[in-house]
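OK, TrEMBL features for this one:
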DOMAIN    7-176  domain 'Cytochrome b561 bacterial/Ni-hydrogenase'
TRANSMEM  14-34  transmembrane segment
TRANSMEM  49-67  transmembrane segment
TRANSMEM  88-107  transmembrane segment
TRANSMEM  140-160  transmembrane segment
Amino acid sequence: METLVKNYNLPARFMHWLSALCIIGLFAVGLWMVDLSYYSEWYRTAPHYHRSVGILLAILTLARIVWKHVTASPKVEGKPYEVAAAKAAHGVMYLLLITIFISGYLISTSDGRGIEVFNWFTVPGAGELFPGQSDIAGEIHFYAAWAVILMAGLHAAAALKHHFIDKDNTLRKMLGASK
């Protein structure tokens, strides 16, 4: 839904910045985790936190998608090709995130155990649905995570370009400070 509002509303801004923080944090922890030794005190703890935050981010992402469709958003600024590129980039980022969530779930539950989310609740495990599930899902998870980080970097660069070069309100709208 797009109408004549100047800024993204507070829930949209909060979900955006919390998502960004979680995505960057999960990516960094994911890179660190793969190099942990079996004897590291973090060997079992880090994956628990990674999975827990990942599940909460999946829930937040679904909430963002719903919120985006039921609330008014400011008009996207820029040339027609920039508007199209921005909409396509957002769609690709959401698809990559969904791919990461599904592949992470398939990795984590391939042994049939559910995912404990901070010991608050358990997401039921599906077990191994196809041969080599953990390895295949692991590869997809790895490359999709790198792709979403690259897309997020482009997204940030585009926002900074709009702010410093075009001098429009693109970044200010996500900060709640449109002129």
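Just so you know, glycine gets a Cβ as well, placed from its N, Cα and C.
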Need one number: mean pLDDT over the domain 'Cytochrome b561 bacterial/Ni-hydrogenase' (7-176).
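Averaged over the domain 'Cytochrome b561 bacterial/Ni-hydrogenase' (7-176), per-residue pLDDT gives 97.
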List, by number or range, the same-chain residues at least 6 past the transmembrane segment (88-107) whose CB is under 8 A from its CB atoms?
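Tertiary neighbours of the transmembrane segment (88-107) are 23, 51, 54, 57-58, 61, 65, 115, 123, 126, 129, 133-134, 137-138, 140-141, 144-145, 147-148, 151-152, 154-155, 158.
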